Amino acid sequence: MPTSTWNRHHVLSLADFTAAEYDIVLKTAASFQEVLSRRTKKVPALQGQVVANLFFEPSTRTRSSFELAAKRLSADTLNFAASTSSMTKGETILDTAKTYLAMGTDIMVIRHKEAGVPNAIAQEMDRLGVRVSVLNAGDGQHEHPSQGLLDLFTICSLIDPANPRLELLQGKKIAIVGDILHSRVARSNIWSLIASGAQVHLAAPPTLLPKFFAEYIFGEETAPPGQLFIHWQLEPALQEADFVMTLRLQKERMTANLLPSLREYHQLFGITRAKLQLCQPNVKVLHPGPVNRGVEISSDLMDDPEFSLIQSQVTSGVAVRMALLYLIGSGKT
């Protein structure tokens, strides 16, 4: 496995990922994808290590994917649920993390509704001088690094299954459509796609895509010229697009009525076969899930393997999360 140039102890964000790190993840994931195609889908890479999945927010795909990834690497797993934990009795997040540390945890996979929680736990582990890695499984509206990486792997593997790599997306047009304002997935995908040299076109109603969004993402820096575009109509984003990523409307994060109705949203921004006629003939559609059928994407299109990569994303997720756990855990054995 290509770990010789991997020096990252935690995976908290894709904002500072290098091209070399992206390629290491892609190549390692491809190796594990091959493992998952075997009859015996297990390797002893992390045997004896403990992976704790600390999910303070509901999750189906990400939590199950990380648990399966850890088990495929022969790690022992601990699964945390906030509703049945001592947090209901007043225990703090950091004290919960320290409890799992005392049990001998090697890797903590953290999801929380508030941005910055995985980073705070990583800083505390570093302050304590312990060799515990933290992997961000989604923090508020901040980032979702493993989802961004699995989306990247899904696309690159489609283009070149034998050798998925970052440069394959150079010059490709990627449309990201939907609730971009509240989406941590969009933020991670923007970082990875910009790094690849792709053209990223964001499309959403103005209430879900403020004009200052690029400044919000990049801070004092500016997006590379000719790589990030903002549209308040769908058609310009879809025109000649190679891939379309559609995002769930996160109604649970909306503090106001940002849309007239779901029906109107689907008419204007929902992805359908008819709208895909604006794209490249071999366009593919992605969605991080869970999907609101008939809102972000038509039900028939979601189930059509000619266009939809949604199930491939789920499959890719296990291999990519195996790669991340292996890369940050391989130095602990």
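The backbone N, Cα and C atoms fix where each Cβ goes, and this holds for glycine too.
A quick note: this is a predicted structure, and the numbers were derived from the prediction, not measured.
A simple way to gauge crowding: the CB of Gly289 (carbamoyl phosphate binding site) has 16 other CB atoms within 10 angstroms, across all the protein chains here. Annotation comment: Swiss-Prot describes Arg61, Thr62, Arg111, His144, Gln147, Gly289, Pro290 as carbamoyl phosphate binding site.
Annotated L-aspartate binding site per Swiss-Prot: Lys89, Arg184, Arg248, in sequence order. The Cβ of Arg184 (L-aspartate binding site) lies under 8 Å from the Cβ of Gly138, Asp139, Gly140, Gln141, His142, Glu143, His144, Gln147, each of these being in the same chain and 6 or more residues away along the sequence.
Each of the binding-site residues Thr62, Gln147 was scored by the other Cβ atoms within 10 Å of its Cβ; the lowest score goes to Thr62. Here the CA atom of Arg248 (L-aspartate binding site) lies 14 Å from the CA atom of Arg61 (carbamoyl phosphate binding site). Note: Arg248 (L-aspartate binding site) has non-local neighbours Gly178, Asp179, Ser183, His287, Pro288, Gly289, Pro290, Val291, Asn292, Glu296, i.e. same-chain residues 6+ apart with C-beta under 8 A of its own C-beta.
Scoring each of the binding-site residues (Arg61, Arg111) by how many neighbouring Cβ atoms lie within 10 Å, the top position goes to Arg111.
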